[in-house]
Amino acid sequence: MAKQPTALIILDGFANRESEHGNAVKQAHKPNFDRYYEKYPTTQIEASGLDVGLPEGQMGNSEVGHMNIGAGRIVYQSLTRINKSIEDGEFFDNTVLNNAVKHVKDNGSALHVFGLLSDGGVHSHYKHLFAILELAKKQGIDKVYVHAFLDGRDVDQKSALKYIEETEDKFKELGVGQFASVSGRYYAMDRDKRWDREERAYNAIRNFEGPTFTSAKAGVEANYKNDVTDEFVEPFIVEGQNDGVNDGDAVIFYNFRPDRAAQLSEIFTNKAFDGFKVEQVDNLFYATFTKYNDNVDAEIVFEKVDLNNTIGEVAQDNGLKQLRIAETEKYPHVTYFMSGGRNEEFEGERRRLIDSPKVATYDLKPEMSAYEVKDALLEELDKGDLDLILLNFANPDMVGHSGMLEPTIKAIEAVDECLGEVVDKIIDMGGHAIITADHGNSDQVLTDDDQPMTTHTTNPVPVIVTKEGVTLRETGRLGDLAPTLLDLLNVKQPSEMTGESLIKH
């Protein structure tokens, strides 16, 4: 007899917001979501700031969201942890950072600092760059070259000049540091093995090849004149003493989120890299703020804090069969991040990865691979052996990042169609679904004056539990979702999970 599965369905980047203006969630025709919302118990939970282990007021993101969801507790994020280490001075005593400085001194070489130059807080924070500059100043090294990656996605599309000016003020104040190269994150921070993009960023950084400008500001302004926003700024070099990354140099990459920092790091550190032809740098000291992946051979500045008894581990220990399913863009989130930073499958776990479409930007194909994800899940449900399903629909977030209202509405409508088939099937099997999200985005894709808004929001996310006769708590946080799943599965919640079931008892 087929099992009665319990599913967690994450509509990525889908939150509650009162105003209809620029709100694709409100404007989309979503009869299935609305039907479940009217029929079943609902609540809303917090998905940003202190509730997910980020600084107060900081918007959530997919990595943070899935980690909190899977852990069933507040997970203090790298950003909060690094900020704290800078505030209490531990940062300046960090062994790896000081080893990088020592390497530069011993070799009479240069320190290169890579990272996303913004205060978006999703991948990095530019104040961490300032702390590295302060460390260099304290240690008396003068050749410090900053290779800045421009954001325009987690912050305003044209905000780079503000960060560049503040960084140049810091160079002057400390008497240390200069910009060496600048690239839009589209090139330097790809995560889909589009090596042609990475190659352009790499050539600017490593070989000092590319368009040349007298200053970082001049290069960005030239791009703006051609209607190129920060994310897409073509890699360029800044005139100065730097001549690229050379033998004996050191690199500190201050992005703390791994997924978009791994590829560039792999090019520099993995001798087996074959995405394009590279000349390896000899005697290079390469440090990354966190562990990016197993293909990156680097010293780790902030080692991972292990998370035990995440939802996947608890399912395994209770002999449950679980499925993780998503398309490429969100696959690491339902696997690695949901498992607390673990790549290996648990016993009884299987995974389905559906390829994301190969398009330049997802507004060109708002449905992405939602229908294929849905079909794959229906196929898995037909096997009748699943207890737990962890599913992500990427569309509201990935299309929401375009800052375009119509495609984002289409994205949500496509997901709603798929949601209906999936949830109805689970209910027909006697199972239950929790429909929710990991953070906001598609709830506001236009600013009040109709400019594209490509960032996440701090709005609370909806929760629908398709079980009649229960009452949900009025509020909660992402860390309460795993305990709610365990509640539906009648599985005891481990002590490490400090979240609380959203179901009132």
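Including glycine, each Cβ sits where the backbone N, Cα and C put it.
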Swiss-Prot records Asp397, His401 as Mn(2+) 1-binding residues. Which of His456, His505 is assigned to the same site?
His456
Between C-alpha atoms, which of these binding-site residues comes nearest to His123 (substrate binding site): Asp12, Asp397, His401, His456?
His456
At a 10 Å cut-off from the C-beta of Asp12 (Mn(2+) 2 binding site), count the other C-beta atoms across all protein chains.
26
Go through Arg260, His401, His456, the listed binding-site residues, and name the one with the sparsest Cβ surroundings, counting other Cβ atoms within 10 Å.
Arg260
Which residues of the same chain, at least 6 positions away in sequence, have a Cβ lying under 8 Å from the Cβ of Arg191 (substrate binding site)?
Asp259, Arg260, Ala262, Gln263
Euclidean distance between Cα atoms of Ser62 (active site, phosphoserine intermediate) and Pro258 (substrate binding site), Å:
12
